[in-house]
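Undergrad: Dropping the structure in here first, questions after.
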Amino acid sequence: MANNTTPPPPPPPPKKSKRIVRDTNRGKWRSKSEFILSLIGYAIGIGNVWRFPYLCYRSGGGAFLVPYILMVLLAGIPLFYMEVLIGQFSSTGCTGMFRLAPIFKGTGIAQVIVNMYCVCYYSVIISYPIRMISYCFYKQVPWVDCDHSWNTDHCVSIDELSKQNSTGFVTSADEFFHREVLQLSSGIAHLDGIVWQQTLSLFLAWIVIYLCVAKGIQSVGKVVYFTAPFPYILLFILFVRGVTLPGAWTGIKFYMYPEWNRLLDLKVWADAAVQMFFGLGPGWGGIVNMASFSDFRNNAKFDSILIVTVNVFTSIFAGFVVFSVLGFLSVKSGIPVATVATSGPGLAFVTYPEAIAKLPVPQMWAIMFFFMLFLLGIDSVFVQLEAITSSVLDEVKWFRNHKWKLTFVCCFVFFLGAIIMTTRGGMYILQLFDWYSSAISVIAICLVEIIMVSFIYGIDNFMLDVEFMMGKRPSLLWKILWKWVTPVVLIFIFFTSIIFIRTIQYHNTIYPQWAIVIGWASFGSSVMWIPLYVLYIMIRKRETMFDSLKKRLKPLDWTPADPEDREQYEAFRRQRRMPAFMSDTDAEAMK
């Protein structure tokens, strides 16, 4: 009997998982040394010379090294190593890294905005050494006496400092920098026009920056062979000259003498934490971006520990260079070291030039010092600018064939944005953005990163990825640091940095309340994208709120960029009975 039943239709073919097609031609470092030098140049900047030594002296001398080293060990190295691993594994920049948990992509946007602020004001900082070098070709450096049109009746030359018993005087070096170089106005509310010589110096700085980064890592990789190691040569020469000056060891003793009771002050620990972030540079996106151009099997652990060690050594060594000369200035002027010691622009462009003026052939020593500051600063700009452009290239592939045009537009826009800081009130604006726009934002970004890796993606999944890439699973110590110790330290740093933030002032001028509001707004303008992107995803997508959140808390194509590595990676995950993109919860269920 015939069966008239119609056979059921064949089942539909299984849906192919949606995968982002990634461009594997982002570029690669030609050698490991290029990568290490670029990160050394990025991590070691002007702050190592003009901020760390003063913080060390102010916060207990040698005792300050205790909280600083602890912060480096418990948060600095784990974050640095984690960011190198993320960039190396994924071959993506600071926005693409958040495919690890797509709902946090707003954190990548926050990183780009923080870098944009920093590139603008940092380019102005490195334009100051250019301007100062131009004065070093005079027969006599102009900050040594009071015989100039910019000097006032309160001016006292460096040679007459020891004869002063009153407190109402201003040194010739101070008046030179603030009345001639900056032509400083009375406050942030008074911009009072552009200082054209400073704008020209800024323009020259951006020309150098563009020429060095126009071809991306191809040009940066060549430039860092000079810009990264050469400051160390200059720093060593200045060290040898400094420690052989009379009074040098008085300054060094003042720098390193430990005040152990200061360890009970929570502000000291907060200062150590903030200095660690400024010194090593986690959370800015530069580390992830530079590591994304590394070889997939590169020994990231060795590189990370080496770079952090060099950074810490440089900060401490720079203190000897600075305070040996300040001790010399103290002996020559009769003013205590505690009075001449300062930080920031005051140290780099007032106090140190005062000391240099006491040396034979001060022009030569001044050129060396200011050129060193320029090289220390320009490396940091390279990496931050590359982080911005690489983020754009990762998101908009069309720009890949127009890299130099994109870089040119970015340089031009940032130059225009920085011009306001070359006005007579520009230094007040620079200090405001340096104070508020980046420090706390970067801490918040790092906190999101560590939560994303350790708790959303899962520390076991991350360590498995590292095992595949490095051929060896990280030790239990790294797991404890990444999952428990570093997050706790970051929470402590975040709140203490807000609670103990100091009242901003420059040159004894207190900022008005509206300026402080603008400063906090610059902080909010970056970190606000973290919750805003979460809200955008929840509104834009058609799933229910729960489904939308659940879907975007899972990785989106978190695999190596190279097709061969990707195939091996997926086979490795299957062998371990842990399919790719699995969360810790699913992994535990499979066990």
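The backbone N, Cα and C atoms fix where each Cβ goes, and this holds for glycine too.
If you look up TrEMBL, you'll see 1-21 marked as region 'Disordered'. As annotated by TrEMBL, compositional bias 'Pro residues' applies to 1-14. The transmembrane segment feature in TrEMBL is assigned to 35-53, 65-87, 108-130, 194-213, 225-252, 272-293, 305-329, 364-385, 406-429, 435-459, 480-501, 513-536. According to TrEMBL, the feature Na(+) binding site maps to G41, A43, N48, N311, L376, D379, S380. Annotated disulfide bond per TrEMBL: C146-C155, in sequence order.
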Undergrad: Can you give me the residues near the recorded Na(+) site, meaning same chain, not G41, A43, N48, N311, L376, D379, S380 themselves, Cβ no more than 8 Å from the center of the site's Cβ atoms?
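TA: Apart from the listed residues, the neighbours are I40, Y42, I44, G45, A228, G281, T314.
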Undergrad: Rounded to the nearest Å, what's the C-alpha distance separating N48 (Na(+) binding site) and C155 (disulfide bond)? Just drop the number here, would you?
TA: 31
Undergrad: Taking the Cβ of C146 (disulfide bond) as the centre, count every other Cβ atom within 10 Å, in any protein chain shown.
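TA: Result for C146 (disulfide bond): 20 neighbouring Cβ atoms inside 10 Å.
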Undergrad: Which range wins on Cβ pairs under 8 Å with the transmembrane segment (272-293): 108-130, 194-213, 435-459, 480-501?
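TA: Checked against 108-130, 194-213, 435-459, 480-501; highest Cβ contact count belongs to 435-459.
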Undergrad: How big is the Cα-to-Cα gap, in Å, between D379 (Na(+) binding site) and C146 (disulfide bond)?
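TA: Rounded to the nearest whole number, the Cα-Cα distance is 36 Å.
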Undergrad: Can you give me the same-chain residues 6 or more apart in sequence from G41 (Na(+) binding site) with a CB-CB distance under 8 Å?
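TA: Listed in sequence order: V224, T227, A228, D379, S380, F382, V383.
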Undergrad: Are there 3 or more C-beta pairs under 8 Å linking the transmembrane segment (364-385) with the transmembrane segment (108-130), counting only pairs at least 6 apart in sequence?
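TA: Per Cβ check, the transmembrane segment (108-130) touches the transmembrane segment (364-385).
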Undergrad: Using a threshold of three or more Cβ pairs below 8 Å, and leaving out pairs closer than 6 in sequence, do the transmembrane segment (364-385) and the transmembrane segment (35-53) count as in contact?
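TA: Between the transmembrane segment (35-53) and the transmembrane segment (364-385), contact is present.
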Undergrad: Would you mind reading off the Cα separation of C146 (disulfide bond) from N311 (Na(+) binding site), to the nearest angstrom?
TA: 39
Undergrad: Are the transmembrane segment (225-252) and the transmembrane segment (364-385) close enough to be called in contact, which here means at least 3 C-beta pairs under 8 A that are separated by 6 or more residues?
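TA: Contact confirmed: at least 3 Cβ pairs fall under 8 Å.
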Undergrad: Let me know the most crowded of the recorded positions, choosing from C155, L376 and counting other Cβ atoms within 10 Å.
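TA: Compared across C155, L376, the most Cβ atoms within 10 Å surround L376.
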Undergrad: What is the number of other Cβ atoms found within 10 Å of the Cβ of D379 (Na(+) binding site)?
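TA: Around the Cβ of D379 (Na(+) binding site), 27 other Cβ atoms lie within 10 Å.
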Undergrad: Using a 10 Å radius around its CB, how many other CB atoms surround S380 (Na(+) binding site)?
TA: 24
